[in-house]
Every structure is written in C-alpha cells, then in structure tokens.
Amino acid sequence: MRRSGLFYGWYMVAGLSVTELVSWGVLIYAFSVFVVPMHIELGWSLGTLNAAYAVGIAVSGVVAMPVGRLLQARGARTLMTVGSVLTVLVLLGWSHVDSIAVFFGIFAVAGLAMAITLYEPAFAVTTAWFSAYRARAVLVLTVFGGLASVVFVPLTGWLIDILGWRDSLLVLAATVAVCCVPIHGLVLRRRPADLGLLPDGRRRERVDPVTARGDGSVARATAVRSASFRWFVLCMVAATASRVAISVILVAYLVDRGYPLGQASLLSGAVGLFQVCGRLLISWLRRYLPEHLASAILLCAQALALVVPMLTTGHGSGATVSIVVCVVLFGLGFGLPELLRGTLLAEYYGPRHFASINGTLAMFVIGARAGGPFLAGWVVTLVDSYLPVFLGAAFLAFVSAGALLASRRAVRTELGAP
C-alpha cells in the first residue's frame, strides 16, 4: 500500500543534496584556497601541498572498487556516516598540522573519506530508490554538488581572511559535523523495501508481472567484460581528463595572456556556474533527444570551445569574446560525467549491481582525475606553451563523445536490439 505524502526517496535526495554540497566543498574545492596561506606560514612548496592532495585522490581511486562492493552488500547509510566522521577528523587534524609527513597521512585518510561520501555512494542511493524518476533525482544531486565550488571557494576565502586558515578548518569541520553526520546517519535507508515501499513510490499491486520476474540487471563480472562498459569507461576517462587538465591551468593561462588575476579567477569560477546550467540543459533536452545523443553534442561543443581561444592572442575585446565563449561552452559540458554515471550506468546494466559496477568505473575515472592535472602541468613546463594542453583536451572531448555513442550502440547489440 502506498503511503500518503511525499515519497521517502525524495527526503533522502534533499538530504544528500545538502551533504554533497558540503562534502564536495570541503574535501575538493576548499583545498585550493588553503594552499597559499599554508605555503606562506609553513614554507612548504606548492608542489608539496598539491602532491598531498594528489595522494588523497589516488587513495580514493584505489579503494573505489572495494567501496563499491561494500555499498552493494551493506548500503550507503553506515559508509556515508563513517565518511562524514572521517571528514571531521581530517579537518581537525589538518587544522593542527605542522609536519609534511603528517599532512600526507591526513590526506590519505581524506581520500578514503572522499570515496565514501561523494557521488559514488549517493548514486547508489538514487539507483536503489528510483527508476522512472532516477534521472530527476540524479539531476537534483548533481546541481547541488555543482554549486559546491560557487559556495565554498568564496566562503573559505572569507573565513581565512577573518579567522586564519587553521580556525577556518575548524569551522568547516563543525559544518560537516552539523550537516552531514546526522543526515547520513538518520535519514538514509538502504532500499525502499525496508519501509514497505517500491522504487518511485509505486503501488505494490501495480507492479508489472514481467518486471516482477527481473529488472534486467547485469552481474558486475558480465558488465565489466562487455564492450559497452569498455566504451563507457573510455568516455568517462577522456571527459574527466579533458576537463581537469583545463581547469587546473585556466587561471594561469589567462594571467599569461595578460588578464589580471581577479578577472582570471572570476572567469575560471564561472565554469562552476555553467556546469550547473549544463546539467539543467541536458535535463531539458531529454524531452527531445536521447540523453546519450544530447550529451555527445554537448561534449563536441565543449571540444570546439577549447579551440576558440587558440585563434586569438592577448586580452583585447576580440580575445575576451573568445575566452567567454570558451568558458560558457566548456562549463556547460563540465558536469556531464557525473550526470551520465548516475543515469546511463543504471540504464545500461540495471540497478541491482550498480554500486559494484560504478565502483569499478570510479577507479578509472579517479585515475584520470589525478593524472590529468599532472600531465597538463608537465606538458606546459616541457614546451612552455598552453597550446598542446588545449588541443589535447579538445581531442579528448571529441573522443569522449564518440565513445559515448559507441557505448550506446554496443548496449543495443548486447541486448539484441536492431
């Protein structure tokens, strides 16, 4: 029997929207703001500070597969609660750090916290609780997650100006303790059946007898060996490497062209706003085009956008127009990988083994997230030019679009569709 009122899954989506906003803000985006004051006070090089952050990203990739299996077996509630507690401890330890070795250790723990609090476990929840409305639930989550940089980068800068970087970390730790720990611990549930419900809040008596025999889910071992999965991995890795490579050099590139640091930072920060717009745009385009086709078009537009600034020089009016076009189109495609992982992966392989399949995918994606900035920095240093990075990122965006279309075609072949 259907319970009156709003389906409980939407309460979890609302709670997770808050926790994803906070978790992405403090674990991912705030770091860039702390680098400069830590460099000034502690005397550690920027390379050392960034290396510690890279260790965290690497750890999150290493544990992605076992975390996916735990999510499959136990659900997200306990893992995400533990992850939020770990995040609080990481921030508290970070606020007292005065040793490079300890700092690296803290970020190794932060990597584990990333793996069990960011999108991977949240998508496991939406996959378990939603079917027809899964895309809408994922959209809500990723829109709020996409706002994390817009909220926490300026907020962290403001806190550091007022309190200093150590006390600012204490404020962020309190924010996680107040917002994330109780929501994860008290609101999340493993599956609708725990509350006597069905996905989307459907009436039990209306379940189609064909659906009742099975949901079409594919076992993890079968999924990861399929051609469609290999194409989808290529799509996600190429898209992720492309966007992170550009995002880490964009401010430096604009300053090198003659833009003041403030303007360069503003243009770079606008990418975060436009990624939210891109996710909303894809949601609207679903009414008229298949999601994979609309996303491929946007990825191609992103690739073309990365070539546009290469057609101008300096920082005159024409150059500024080319930069703005690049930022807008690049930003629109920036948030696609997370959106696609939350929707197409479940559509391709079903909800039953989503968490473990997504954990396998996450291992590759996080590798690209860690390797992209390193490779971009190495290329710029080696050739003393940003051109190869922009052209390489454009090529990867095109590869991502092609791989996405190929993965869809492979899925149809595997299902025996014409």
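From the backbone N, Cα and C atoms, a Cβ is placed for every residue, glycine too.
TrEMBL does not curate its annotations; it predicts them automatically.
As annotated by TrEMBL, transmembrane segment applies to 7-31 (among others). Same-chain neighbours of the transmembrane segment (7-31): 53, 80, 83-84, 87, 90-91, 110, 113-114, 117-119, 122, 125-126, 129-130, 137, 140-141, 143-145, 147-149, 151-153, 155-156, 172, 175-176, 179-180, 183-184, 187-189, 192, 195, 197, 199-201, counting only residues six or more beyond its ends whose CB sits under 8 Å from a CB of the stretch.
For 51-71 (among others), the entry in TrEMBL reads transmembrane segment.
Feature annotation from TrEMBL assigns transmembrane segment to 78-94 (among others).
Same-chain neighbours of the transmembrane segment (100-125): 12, 16, 19-20, 23-24, 27-28, 44, 48-49, 51-53, 55-60, 62-64, 67-68, 71-72, 75-76, 79-80, 82-84, 86-87, 89-90, 93-94, 138, 141-142, 145, 180, 184, 188, 338, 341-342, 345, 354-355, 358-359, 362, counting only residues six or more beyond its ends whose CB sits under 8 Å from a CB of the stretch. Positions annotated as transmembrane segment by TrEMBL: 100-125 (among others).
Long-range contacts of the transmembrane segment (137-157) within the same chain, counting only residues at least 6 positions beyond its ends with a Cβ under 8 Å from a Cβ of the stretch, are 9-10, 13-14, 16-18, 20-26, 28-30, 32-34, 119, 122-123, 126, 129-130, 168, 172, 269, 272-273, 275-276, 279-280, 283, 335, 338-339, 342-343. The transmembrane segment annotation in TrEMBL covers 137-157 (among others).
Residues annotated as transmembrane segment in TrEMBL: 169-188 (among others).
Within its own chain, the transmembrane segment (231-255) is flanked in space by residues 261, 263-265, 267-268, 271, 299, 302-303, 306, 323, 330, 333-334, 336-337, 340-341, 344-345, 348, 361, 364-365, 367-369, 371-373, 375-377, 380, 386, 389-390, 392-394, 396-397, 399-401, 403-404, 406-407, 410, which lie at least six positions past its ends and keep a Cβ under 8 Å from the stretch. The annotation transmembrane segment is assigned in TrEMBL to 231-255 (among others).
As annotated by TrEMBL, transmembrane segment applies to 261-281 (among others).
Same-chain neighbours of the transmembrane segment (293-312): 239, 242, 246, 278, 281-282, 285-286, 318-319, 322-323, 325-326, 328-330, 332-334, 336, 339-340, 387, 390-391, 393-395, 397-398, 400-402, 404-405, counting only residues six or more beyond its ends whose CB sits under 8 Å from a CB of the stretch. Summarising the annotation, TrEMBL assigns transmembrane segment to 293-312 (among others).
The transmembrane segment annotation in TrEMBL covers 318-340 (among others). For the transmembrane segment (318-340), the list of distant contacts is 119, 138-139, 142, 145-146, 235-236, 239-240, 243, 246-247, 254, 257, 267-268, 270-279, 281-282, 291, 295, 298-299, 301-302, 304-306, 308-309, 311-312, 365, 397, 404: same-chain residues at least six beyond its ends, Cβ to Cβ under 8 Å.
Summarising the annotation, TrEMBL assigns transmembrane segment to 361-380 (among others).
Sequence annotations record features per position, and here TrEMBL assigns transmembrane segment to 386-406 (among others).
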>> Within the same chain, where does the transmembrane segment (361-380) have neighbours whose Cβ lies under 8 angstroms from its own Cβ atoms, ignoring anything closer than 6 residues to its ends? I mean 6 or more beyond.
In response: 50, 54, 57-58, 60-62, 64-65, 68, 115, 120, 229, 232-233, 236-238, 240-246, 248-249, 252, 337, 341, 345, 386, 388-389, 392
>> I need to check the long-range neighbours of the transmembrane segment (78-94): which residues 6 or more away from its ends have a CB within less than 8 Å of a CB in the stretch?
In response: 19, 23, 26-27, 67, 70-71, 102-103, 106-107, 109-110, 112-113, 115-117, 121-122, 169-170, 172-173, 176-177, 180-181, 184-185, 188
> Who are the chain neighbours of the transmembrane segment (51-71) in space, where the CB to CB distance is under 8 Å and they lie at least 6 residues beyond its ends?
Replying inline: 31, 79, 100, 103-104, 106-108, 110-112, 114-116, 118, 120-121, 124, 355-360, 362-363, 366-367, 369-370, 373-374
